[in-house]
Amino acid sequence: MDKLKGILRALLQPLLAIVVGLGAGAIAIAIVGGSVTETYAEMWKGAFGSFYFFTNTLSRATPIMLIGLGVALAFRAGFFNMGSEGQMVLGALSAAVTAIYLPGPAWFKLVAALLAGVIAGGLWSAFAGWLDARFRMNLLITTLLLNYIASLFAGYVVSYPLMDRSGSAAMAQTVMVDKSVWLPKLFQGMSLHAGFLFALIGAIALAWFMRYMVKGYEIRMMGGNPLFASYGGVNRGRLMLYSMFVSGGFAGLAGAGEVLGTQYRYLDGALTSPGYAWSGIMATLLAGSNPLGTALAAILLAALQTGGMGVERNTDVPLEVSSIIQAVLILFISAKFTYSFFKKKKKAGA
Amino acid sequence: MDQLFDVSLFASTLRMITPILLAALGGALCARVGLFNVGLEGLILIGAFSAIVGNHLTGSVWLAVLFAIVCVLVFSLLLAYMAIHLKANVIVVGISLNFLALGLTTFSLRAIFNVKGAYYDKSMVGLPKWDIPLIKDIPWVGDVVSGHSPLVYLSIALVACLQYYLFKTVSGFRLLAAGQNPVAARSLGIKVTHIQYGAVLMCGVLCGLAGAQLSLGQVTMFTEGMTAGRGFIALVATMLGQSNPLGVAGASLLFGFMDALSTRLQGYALPVHFTMMLPYVVTIIAMFFFKDKSYLAEARKANESSR
């Protein structure tokens, strides 16, 4: 009974936040003179209205889920990894380069490309972790800086040495990945690709790892109380390297999945402009770094985004109404910290 | 080489750093009271947008700047309330503020002006260009220093003012104390929360000015997401400058110079990606040498203890 109560209480805050977010959205819609019910109906239709739209939402959720999972791991350990964007970009670039230039059978190239994505993202992230662990350089700032460096580097690679010069369009992009190396689509004619399965498996595996593995416990302990963790013999530096590697690896996988499943090439700006990385961080915040919750929150955010496109198509209300809802959601969720703070204070006083 | 480092390069450096410098000074104030303000980007964006709205509504540039300041103040009050009063994680609040700003400005752009992407009106007047009487006649210096918008000069004056305020006045010392050791400061009767609110609101004023310079200074228009990462660069400049007004000014100068230089180098053989990368690389290297200052430890404590 107590357990049920606990689950309900844990769900209450996110649900309340969704209600508040939708309320703020309703105000915005009313201000521009749209019909609130009609707009929300269009939003629902745009996100879940048909099987096509539903799979479209899931395929948008795929990179957000993967990035969110990686960030959730880092946040749980108390490390503010803001570098998902750079990690994703480098993962995508390495996956594209591996898939295009590596000789061998198709399945081998596919596996190698995915691995290259994970390793590139992981190493870039672990580098920031190393700088913090070894030289005490603030992780939040270094990861932000490394984002710019990674995006610019990838931009350079695809606009000079590896630029696609075969087509007529002078776009900063690599040549197309051979069709045999593409990630299979899950349904005929739909945009959802096998990367979604990786994200699902990743969510379950991460939840299991955090709950039942020794390393997962160490990570939670480090985030909960660093002093206690070091007293218990956890080496902060090494833990930071590991968790940052895995965290970046998830982001790299997200990039690799987008390249091999949707874009089929690395196109400069194609991953950064939809803001996948920041949406992933939002999903993590929304779910309080819980892996399964992050996956759900990612789908919710993706639904708001694809739903917003539906709203744009069929009504006069601009698409950005969904970004307002998302931002209010997050603002409201960050008040959760407050709630637990007050409770703690009361206990201490009693 | 003569062509590369000519007068207009330095003049454009001065123009480009102004938004970054103003925001970075605000960020430095926040960092000094122990709040790591990640929301600079969003605050500048709101400033830029509301400056254009103010200009559109009132037709006066100065009222527009005032309007921008007021609008940004509202949002920084929100940040301060959530972070100080509600004890929400300030980094989380900052990030969500950035989202809110991007969404709200794009939404309002559609709602108010009924355009998508960018708003531009020929009848709008930007900030005036001031010629400094004596200096403008000095050959090289005059061309660099003279003929900018008043906000450019204001930002330079603010550097000196803040430096003096923080390190030479009693209330500046109180502010530093509130950031360095809130418990000790409180026990001396310093109202830490008041000081924190003051710093965040002042940061809001500065970000409003930064936004106004962005949308009314060089060009007179607003484009979606026109801050383009300047807020984050300001954050980095704050870190690099050790939250020291003079240091922050130096760091912003470096960024502005690199920015201007990279635009200039586009005509040369060197790929622009590398020149654009340079400031970030330089910052990482600089962080390696300047570190472990007390306020940094505060910031780190704040981000280690949170999930």
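The chain as shown is numbered from 1 upward.
The backbone N, Cα and C atoms fix where each Cβ goes, glycine too.
Within the set A:240-260, A:324-344, the record from TrEMBL flags A:240-260 under the feature transmembrane segment.
A:51-75 is the stretch from A:51-75, A:110-131, A:240-260, A:281-304 with the greatest number of Cβ pairs below 8 Å to the transmembrane segment (A:190-210). Counting Cβ pairs under 8 Å that are 6 or more residues apart, the transmembrane segment (A:240-260) and the transmembrane segment (A:110-131) reach 3 or more and are in contact. At the 8 Å Cβ threshold, with sequence separation of at least 6, the transmembrane segment (A:110-131) lacks contact with the transmembrane segment (A:12-31), having fewer than 3 such pairs. A Cβ distance under 8 Å defines the sequence-distant neighbours of the transmembrane segment (A:281-304), meaning residues of its chain 6+ beyond its ends; these are 14, 17-18, 43, 47-48, 57-58, 60-61, 64-65, 67-69, 71-73, 75-76, 82, 84, 199-200, 203-204, 206-207, 210, 322, 325-326, 329-330, 333-334, 336.
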